[in-house]
Amino acid sequence: MDSKMTRVVVVGSCMTDLISYTPHLPNPGETICGHRFSVSFGGKGANQCVVATRLGANTAMVAMVGDDSFGQNYLQNFRDNGVDIAHVGVTEKAATGVAQIAVDDSGENCIIIVAGANLKLTPRDVERAEEVIKGSDVVVCQGEISMEATLAALKLARKHGVKTLMNAAPAVPNLHPDIIKHSDIFCVNENEAEVMTKRKVKTVQDALEAGKLLLDQGCGSAVITLGKDGAVFCQHGHQDFHVPAEAVTPVDTTGAGDAFVGALAYFLAYHPGLTMEEMMHRCSKVASVSVQAPGTQTSYPTRSNLQSTLFA
């Protein structure tokens, strides 16, 4: 893929998802019997990249996998999805990242990640991707690689006037303040917002108040996703708003937040004339489709599977 054509660059994680489907999520110390198991491709960065690609974006991934079968399979998965992998490295110093996921019969999940090779991605690795970042419209980052590598990506994007979308997940209470300050759009879910603001986020109003606190930390705008309750948007000098989610019966909510973020990256790059409210409505629709199928990337729709009005 010609780097000049790349519109969305994702700097982030690749994980192999080990998914167990169970009647309910286990309590501490409890052993339960699951009824199905699958291995699939995940990792927040790769998920978001694949979503944007399936919606029609020209994408590139900046990441690190291990020199193992999981890593080789992941490289092939990127090729199969049409992602530029010129800046996906292979390291012998750690295994490819994995995520152990339990999904209950209501579609809720709990996840344990072991970052592995993702933490071997260095700022220098990111800097080698400067040309592809410089030529893009949107750079997307998350919290599953080192803060140093994330900050390097955000600074490069800011240097070249490229819009930055930071999904601070999973949340850490000591996130480097410059990461927030270099984020044009800072996106978290309700649990992550609680960690970042030290305030409970249980309602839409709670989320709007938390969004304002995130703005006070220096981001350009804040998006807080609320699962079945949709998402809110806050920006200084603009009207805050809430976008409800479509009511659906979930099969598996794993990766729904990544579907939202990946879709947002696509719309920012390819439909910049839309209002943020309209973009978020469309992102919510993509996420609602994803929760109606099992798995992570396997649940993400392609452009042809979605209503054409989403792309008008």
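Keep in mind that glycine also has a Cβ here, set from the backbone N, Cα and C atoms.
Bear in mind that TrEMBL entries carry predicted annotations, made automatically and left uncurated.
Just so you know, the Cβ of ASP258 (active site, proton acceptor) picks up 28 other Cβ atoms within 10 Å once every protein chain is counted. The annotation active site, proton acceptor is assigned in TrEMBL to ASP258.
When Cβ atoms from all protein chains are considered, those within 10 Å of GLU144 (substrate binding site) total 25, not counting its own. The feature substrate binding site is assigned by TrEMBL to MET15, THR16, ASP17, GLY43, LYS44, GLY45, ALA46, ASN47, GLU144, ASP258.
Residues or ranges marked as ATP binding site in TrEMBL: ASN189, THR225, LEU226, GLY227, LYS228, ASP229, GLY230, GLY257, ASP258.
The annotation K(+) binding site is assigned in TrEMBL to ASP252, THR254, SER290, ALA293, GLY295, SER299. GLY295 (K(+) binding site) counts 21 other C-beta atoms within 10 Å of its own C-beta, drawing on all protein chains shown.
Taken from TrEMBL, the feature domain 'Carbohydrate kinase PfkB' covers 5-303.
Of the recorded residues, ASN189 (ATP binding site) and ASP258 (active site, proton acceptor) place their C-alpha atoms 11 Å from one another. When the alpha carbons of LYS228 (ATP binding site) and ALA46 (substrate binding site) are compared, the span between them is 23 angstrom. Of all the binding-site residues listed here (MET15, LYS44, GLU144, GLY230), LYS44 has the Cα closest to the Cα of THR254 (K(+) binding site).
Of all the binding-site residues listed here (LEU226, ASP252, GLY295, SER299), GLY295 has the Cα closest to the Cα of ASP17 (substrate binding site).
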